[in-house]
Amino acid sequence: MSHKACYTNPGAGVKRPRNDTGNKLTVVLGAQWGDEGKGKVVDLLATESDIICRCQGGNNAGHTVVVDGKEYDFHLLPSGIINSKALSVIGNGVVIHLPGLFEEAEKNEKNGLKDWEKRLIISDRAHIVFDFHQAVDGLQEVQRQAQEGKNIGTTKKGIGPTYSSKASRTGLRICDLLADFKDFSMRFKNLAQQYQAMFPTLEVDVDGQLKKLKEYAERIRPMVRDGVYFMYDAINGPPKKILVEGANAALLDIDFGTYPFVTSSNCTVGGVCTGLGIPPLNIGDVYGVVKAYTTRVGIGAFPTEQLNEVGELLQTRGHEVGVTTGRKRRCGWLDLVILRYANMINGFTAFALTKLDILDVMDEIKVGVSYKLNGKKIPYFPANMDVLQKVEVEYEKLPGWKSDTSACRKWEDLPVKAQNYIRFVEIHVGVPIKWVGVGKARESMIQMF
């Protein structure tokens, strides 16, 4: 478009077309309370991606990926790092615990991860998680337990305190660590002192920490880039497949989740723009990952929870134990109110439905289809936790298929009653299901379209 065309009679109010250019990002997000199997969907898409990004959270996420019979555990590294042909990006919205990053990489190196340093790009605007943030995380949990008789159930990875430092403008970023170290040291000491004033029992070995941080600075220096410019370049350069791997999930989002039992970042689609510094225009497909039943770690309202043999069966058959915490997960029936709510916020292109095979032994399967409050149906998902505790779930009963689906590789292989379950979810949420997972391995994801 010539300059002349842009500025013809500005008073005439001619609407200029927006430049719809550049590569689109494919986004994978959790649609429940986490642990939906996002790592598996990311792994599937990562094989053909050029760039794989993390945009929020820290090493509180837990993704397990199985490749060639080897199991890799990722917490902070994008799980696409196992793709040797792709670049992996840790965006500005991620909080980085440097010892955790290297520990995780070394652990995965033992399983065969190679040359990850050459493929990792770290945004210079990302905030740093210090050891004292992790210590404070633990102390705050103890405090909450003492004051309220309950805690949030954080992973004690320092995520919340780091985002608090960020919001109160006392945090330190990767760019600060790589700039004047004297200035960094002074700000580090001040931050440590602030926390010590709040928590008198907190011990911080300032000099020891700074010495380690100086070493980490040199190790990460080659990986650090201006994240905004890097993403702009990637979007506006030659055609590239860019994938964003969400951590946590919709109901753990700081704004839209079951507050206060949430994480400290936006794990919905808005967090992709703010956590990477990209325009909404460049967001392409947004895939929601949904487990065929519901699980939750820690406390907080859980309307479809089954504190009975159904819950126990799901827990044992599904091996529902947290990757990061090792805690048993609470289990219940699939809740479509949650999925509709997650879709209102994220606008999903399609769902990936995982762990369908866990339901193989059920005679009858229930699905939560709506909530009633004081006898009246409500069209929204309640914000207040006490209100959410009180909702009455209306269920639909579906017959179980009572046969092993773990060997199914295409839609036609699935029992008719399993097909009906899938269609039921699609119709009632209004989002198509693109993949169905029936096992741990890469091959056990049935692609529907």
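Every residue gets a Cβ built from N, Cα and C, even glycine.
Remember, it's a predicted structure, so these values are computed and weren't measured experimentally.
The GTP binding site feature in Swiss-Prot is assigned to 34-40, 62-64, Arg329, 355-357, 437-440. Spatially close to Lys40 (GTP binding site) yet at least six residues away along the chain are Val65, Ala352, Thr354, Gly437, Arg442, Met445, judged by Cβ distances under 8 angstroms. Secondary structure from DSSP puts Lys40 (GTP binding site) in a helix.
Look at Swiss-Prot and you will find Asp35, Val323, Thr324, Thr325, Gly326, Arg327, Lys328, Arg329 tagged as substrate binding site, backed by sequence analysis.
For Asp35, Glu36, Gly37, Lys38, Asn60, Ala61, Gly62, His63, Thr155, Arg169, Asn248, Thr263, Arg327, the entry in Swiss-Prot reads IMP binding site, with the evidence type sequence analysis. Summarising the environment of Gly37 (GTP binding site), the number of other Cβ atoms within 10 Å of its Cβ, over all protein chains shown, is 23.
For Asp35, Gly62, the entry in Swiss-Prot reads Mg(2+) binding site, with the evidence type sequence analysis. According to DSSP, Asp35 (substrate binding site) sits in a coil region rather than a helix or strand.
What Swiss-Prot lists as active site, proton acceptor is Asp35.
Its Cβ placed at the centre, His63 (active site, proton donor) has 23 other Cβ atoms within 10 Å. Residues or ranges marked as active site, proton donor by Swiss-Prot on the basis of sequence analysis: His63.
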Tell me which residues of the chain lie with their Cβ under 8 angstroms from that of Arg329 (substrate binding site), as long as they are six or more apart in sequence?
-> Asp35, Thr295, Arg296, Val297, Gln315, Glu320, Val321, Gly322
Of the binding-site residues Gly34, Gly37, Lys328, Leu356, Val438, within 10 Å of Asn60 (IMP binding site) (CA to CA), in sequence order, we find none
By Cα-Cα distance, the member of binding-site residues Gly34, Thr155, Arg327 nearest His63 (active site, proton donor) | Gly34
